[in-house]
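Student: As annotated by Swiss-Prot, Ca(2+) binding site applies to GLU42, GLY45, GLU47. The annotation disulfide bond is assigned in Swiss-Prot to CYS53-CYS180, CYS60-CYS174, CYS64-CYS169 on the grounds of experimental evidence. If you look up Swiss-Prot, you'll see 2-13 marked as intramembrane segment, on the strength of experimental evidence. For 14-20, 95-135, 211-226, the entry in Swiss-Prot reads topological domain 'Cytoplasmic', with the evidence type experimental evidence. Feature annotation from Swiss-Prot assigns topological domain 'Extracellular' to 41-73, 157-189; the stated evidence is experimental evidence.
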Amino acid sequence: MDWGTLQTILGGVNKHSTSIGKIWLTVLFIFRIMILVVAAKEVWGDEQADFVCNTLQPGCKNVCYDHYFPISHIRLWALQLIFVSTPALLVAMHVAYRRHEKKRKFIKGEIKSEFKDIEEIKTQKVRIEGSLWWTYTSSIFFRVIFEAAFMYVFYVMYDGFSMQRLVKCNAWPCPNTVDCFVSRPTEKTVFTVFMIAVSGICILLNVTELCYLLIRYCSGKSKKPV
């Protein structure tokens with residue numbers, strides 16, 4: 001599945017989201033997926049080929065690169081976007097299932113008085129209530145967990161969010177401690193900080209939406225007659 005397909009699927013979820021959820025999807029598309037596809041790949045490029053060490057020992061450069069960059073930044077961000085987007089796909093599946101059930105009941109004649117035809121069922125805005133509320137709320141909760149987990153993994157794996165210009169490596173088969181140089185470290189640091197900052201904004205939006213849904217749920221409960 002490419003990014004265009006993912007955008008199409010999540011665009012369908014956007015119709016059933018809250019206003020805060022729509023802002024989150026906009027940030028996800030413009031500031032994360034578009035930046036990752038258009039700009040970040042150009043900055044990183046073939047990063048292993050641009051990783052230079054002051055030794056001719058066969059295998060030393062590859063081992064040092066693998067030690068300092070066990071997973072490419074691009075691939076880690078792509079994996080993060082997949083994990084963060086997956087809960088939203090569950091909401092889309094739930095909405096599709098609910099519409100399928102309404103179509104089935106309409107064909108059987110159980111709810112013919114509620115809809116004119118099947119097309120009206122397809123275009124009906126689905127309200128976030130009942131079991132869909134739990135699915136939607138759970139999806140937001142897991143998005144926050146995935147975002148925070150990947151930010152932590154990123155920080156631990158790369159020892160911070162800034163890209164070092166020079167790294168020293170003494171892993172085998174290097175004959176001694178060698179100096180290795182990272183290409184375009186400043187540009188990569190800027191992109192890294194930007195992506196982390198956008199992840200933080202997404203977490204803030206998700207937490208805000210979660211609080212909004214919980215408050216609306218509690219106020220709806222309190223209005224019900226005892």
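Don't overthink the numbers, they just go from 1 along the chain as shown.
Heads up, the Cβ atoms here are built off N, Cα and C, so glycines get one too.
Relative to the rest of the structure, where do these features sit?
Tutor: Other Cβ atoms within 10 Å of the Cβ of GLU47 (Ca(2+) binding site) number 17 in total over all chains.
Residue environment of CYS180 (disulfide bond) contains 21 other Cβ atoms, counted within 10 Å of its Cβ in all protein chains. In the three-state DSSP reading, CYS180 (disulfide bond) counts as strand.
Taking a C-beta cut-off of under 8 Å and a sequence gap of six or more, CYS60 (disulfide bond) has these contacts in its own chain: CYS53, CYS169, ALA171, PRO173, CYS174, PRO175, VAL178. DSSP assigns CYS60 (disulfide bond) to a helix.
Within its own chain, CYS64 (disulfide bond) has PHE51, CYS53, VAL167, CYS169, ALA171, CYS174, VAL178, CYS180 as residues 6 or more apart in sequence whose C-beta sits under 8 angstroms from its own.
Beyond its flanks by at least six residues, the topological domain 'Extracellular' (157-189) meets 43-44, 47, 50-55, 57-61, 63-65, 67-71, 73, 76, 196 of its own chain at Cβ-Cβ distances under 8 Å.
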Student: Report, as numbers and ranges, every residue of the chain located at least six residues beyond the topological domain 'Extracellular' (41-73) whose Cβ falls under 8 Å of a Cβ in that stretch; write 'none' if there are none.
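Tutor: Apart from its flanks, the topological domain 'Extracellular' (41-73) reaches 157-158, 167, 169, 171-175, 178-184, 187-188, 191-192.
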Student: In the predicted model, what is the mean pLDDT computed over the topological domain 'Cytoplasmic' (14-20)?
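Tutor: Reported value for the topological domain 'Cytoplasmic' (14-20) is a mean pLDDT of 77.
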Student: State the count of C-beta atoms found within 10 angstroms of the C-beta of CYS169 (disulfide bond), not counting that atom itself.
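Tutor: Cβ-Cβ neighbours of CYS169 (disulfide bond) within 10 Å number 19.
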Student: Return the count of C-beta atoms lying within 10 angstroms of the C-beta of GLU42 (Ca(2+) binding site), excluding that atom itself.
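Tutor: Taking all protein chains shown, GLU42 (Ca(2+) binding site) has 9 Cβ neighbours within 10 Å.
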